[in-house]
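Colleague: So TrEMBL lists these for the protein:
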type: DOMAIN; residues: 60-399; note: domain 'UDP-N-acetylglucosamine 2-epimerase'
type: BINDING; residues: ARG502, THR514, ASP542, GLU591, HIS594, GLU613; note: N-acyl-D-mannosamine binding site
type: ACT_SITE; residues: ASP542; note: active site
type: BINDING; residues: HIS594, CYS604, CYS606, CYS611; note: Zn(2+) binding site
Amino acid sequence: TSKAFGDNKESDLCCFQELYSLRMQRSREKMEKLRVCVATCNRADYSKLAPIMFGIKAHSDEFELEVVVLGSHLIDDYGNTFRMIEQDDFGIDSKLHTIVRGEDEAAMVESVGLALVKLPDVLQRLRPDILIVHGDRFDALALATAAALMNIRILHLEGGEVSGTIDDSIRHAISKLAHYHACCTRMAEQHLIAMCEDHSRILLAGCPSYDKLLLTHHKDDYMDIIKSWLGDKVQDHDYIVALQHPVTTDIQHSIKIYGLMLDALLSFNKKTLILFPNIDAGSKEMVRVMRKKGIEQHPNFRAVKHIPFEQFIQLVCHAGCMIGNSSCGVREAGAFGTPVINLGTRQTGRETGENVLHVRDADTHNKIYHALELQFGKRYPCSKIYGDGSAVPRILKFLRSIDLDEPLQKTFCFPPVKESISQDIDHILETQSALAVDLGGTNLRVAIVCMRGKILKKYTENNPRTFEDRMELILKMCKDAVQDAVSINCRILGVGVSTGGRVNPQEGVVLHSTKLIQEWSCVNLRTPISDALHLPVWVDNDGNCAALAEKKFGHGKGVENFVTVITGTGIGGGIIHHHELIHGSTFCGAELGHIMVSLEGPECSCGSRGCIEAYASGMALQREAKMLHDEDLLKVEGMDMKICEPITAAHLISAARMGNSKAAAVLHKASTALGVGIVNILHIVNPSLVVLSGVLGSFYQEPVQQVLSQRALTSAQTIRVVTSHLEEPALLGAASMVLDYATRRTY
């Protein structure tokens, strides 16, 4: 005889332990699954979501499906379409009555508010890992808003598309709230990227409804479906499907177009299956127009609130024409080659196949009637713009790849933007100016520079040899300039410092200096100057400053990619790429003077051999001039040289111009070395312009251009080499750092 539960404590304990273990195992299995909540608001979005729901259900070992139904699904006037979800054998976890009746703008807003009131309880109870939201309906906006605020990840279907109405604003708003995107077309993908969405979180899947319609539209029983809706006498391709929705941004005009469409259909005298409009503002008035014209009683018309998607596919596939402004006309109908007449602006921005004839300004009965004559009975090539039948497998694979441990907070991929300079009364009354400092090997210069690049006042002193004396002099000169700025009605916005050597502009620190400036390594320039003047301070290498000067005031203004090469005592420069200065990972980007053009060339100041600077700098030319002079090979007849005059690069150039072949050979080698170095630059960064700056720039311009035409790749031979017209590139570049950054203020 069997014993009652509790009679045997040992047996009961074993049973309890087994039951507990089984429940814990099931709980662990459930927790390991990805909980995916699919929220559907109406008959249209269910046709897109159902294939995904079937796919999730078929992989119940990986996913746990949760279903939330709201919106017009639960309204009798719109067919109580939640029943088709139940007929598809999906369990509905929650039904939310969220529609406030009225079918006007206020009712739509109130419906969103009601949904936002009800959704938190449901989402808190279900606690999904992912919420799948479709499209551009106001109900979907409420879903996305609630989920985003409750830190639930959102996968948005069909984002990035353009249709030309308020739907665009809602669709894009949902895209900005969503964490992941499954879009249908390449153009939609590009739109999402342009909207700064993370490319790695965008899946080009295709439309899920195509997975179903491409499999089922060739069913043999299509004539039975046609006859069940339109009667026994209707033939294949000899009827019209009509579906027109209100345009909420211009309700009265959309009601007028609806009336004109009905008049044209009455005149065209073909069997017509007409579906009721959706629940948007204006739909009630459209139904009144339909009833006023007696459409529901007319023998040529069958007016219905809802048709199951599988049957609707067959009806659209075999129709002689589809008319209205439903997205189905520009999307699904293209897969069958069914002729479509798209009325008004509701789908203006959609990608369409050649089967769609647009009547955007549908202001007369005759226009619509003529469109019916052109389209009815035609067949077009099938279009697969919106899908190839494999969207669901792609979406399931995408869901599997989602890492729930990665940060929930979205990141946006913003493109570079040009900053605008705004004004207040102080800017108008005073001249916006920068304090520019140039630390050279010989001189220390400070200047007040206005927004247009004009040097209003300049101060010059010999550069002290020691760090302490140099810093003391810099601060004194800057303070004097700030005081003088008041008297000439200038507002100093900040201080820009140009210095030789390698600079960390982020910290305002000189890392390593050139041999020309002693005691100038590991020097923090920003802090002492900023503390003394109470102004923001920017610091950069003199070559980079020369490039910035050209970008703001010179040949580089408005040029996206260019290179500036300084040809003076040394060789330096800066590279502008995509309107931004290149510094490099360790701040030695654009050290152009130390590009090697020979393995066994003369020794360079950097310690290496064969650098451009060792051939083409002022110091290198001075060295060669002295060697020729020592051998009495420099001076030629007619050349004016004083006995005690120090030999410089200028003497070498003068001798070459007066026919000295030795001097000419030295300059030819220097020009070739510089030209070859610039060819290397062109082949690496491919700028559209080369600007030669410095005292030797005008001399080198023509020979460097010749080297480019002879030695550069064909595509780079035509890149222009120009000479800078800026007299003070280092000061102007230092000022441009201030003027470009300190004026980025909004009021």
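Quick reminder: no glycine exception, Cβ is built from N, Cα and C everywhere.
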Colleague: Whole-number Å only: compute the distance from the Cα of CYS604 (Zn(2+) binding site) to the Cα of GLU613 (N-acyl-D-mannosamine binding site).
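Modeller: Between the Cα atoms of CYS604 (Zn(2+) binding site) and GLU613 (N-acyl-D-mannosamine binding site), the distance comes to 7 Å.
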Colleague: Among the binding-site residues listed here, CYS604, CYS606, CYS611, whose Cβ has the fewest other Cβ atoms inside 10 Å?
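Modeller: The binding-site residues CYS604, CYS606, CYS611 were compared, and CYS606 has the fewest Cβ atoms within 10 Å.
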Colleague: If you average per-residue pLDDT over the domain 'UDP-N-acetylglucosamine 2-epimerase' (60-399), what number do you get?
Modeller: 91
Colleague: Roughly how many angstrom lie between the C-alpha atoms of HIS594 (N-acyl-D-mannosamine binding site) and CYS611 (Zn(2+) binding site)?
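Modeller: On Cα coordinates alone, these residues lie 5 Å apart.
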Colleague: Between ASP542, GLU591, GLU613, which of the binding-site residues has the fewest other CB atoms within 10 angstroms in the structure shown?
Modeller: GLU591
Colleague: Which ones in the same chain are close to THR514 (N-acyl-D-mannosamine binding site), with CB under 8 Å and 6+ residues apart in sequence?
Modeller: GLY441, GLY500, GLY501, GLY570, SER605
Colleague: Could you list the residues of the same chain, at least six apart in sequence, whose Cβ is under 8 A from the Cβ of ARG502 (N-acyl-D-mannosamine binding site)?
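Modeller: Same-chain residues close to ARG502 (N-acyl-D-mannosamine binding site) (Cβ under 8 Å, separated by 6 or more) are VAL510, LEU511, HIS512, ASN541, PHE587, CYS588, GLU591.
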Colleague: For the Zn(2+) site (HIS594, CYS604, CYS606, CYS611), what does the 8 A shell look like? I mean other same-chain residues with CB within 8 A of the CB centroid.
Modeller: GLY593, MET596, SER605, GLY607, SER608, ILE612, GLU613, ALA614
Colleague: Taking the mean position of the Cβ atoms of ARG502, THR514, ASP542, GLU591, HIS594, GLU613 as the N-acyl-D-mannosamine site, which residues outside that list, in the same chain, have a Cβ no more than 8 Å away, listed in sequence order?
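Modeller: Apart from ARG502, THR514, ASP542, GLU591, HIS594, GLU613, the close residues are GLY500, GLY501, ASN541, GLY543, GLY570, ILE571, GLY572, GLY593, CYS606.
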Colleague: Using a 10 Å cut-off, grab the number of neighbouring Cβ atoms around the Cβ of HIS594 (N-acyl-D-mannosamine binding site), all chains included.
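Modeller: I get 20 for this one.
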Colleague: What's the CA-CA gap between GLU613 (N-acyl-D-mannosamine binding site) and CYS606 (Zn(2+) binding site) in angstrom, rounded?
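Modeller: Cα-Cα distance, GLU613 (N-acyl-D-mannosamine binding site) to CYS606 (Zn(2+) binding site): 9 Å.
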Colleague: To the nearest whole angstrom, state the Cα distance for the pair CYS606 (Zn(2+) binding site) and ASP542 (N-acyl-D-mannosamine binding site).
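Modeller: About 17 Å separate the Cα atoms of these two residues.
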Colleague: How many Å lie between the Cα of ASP542 (N-acyl-D-mannosamine binding site) and the Cα of CYS611 (Zn(2+) binding site)?
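Modeller: About 19 Å separate the Cα atoms of these two residues.
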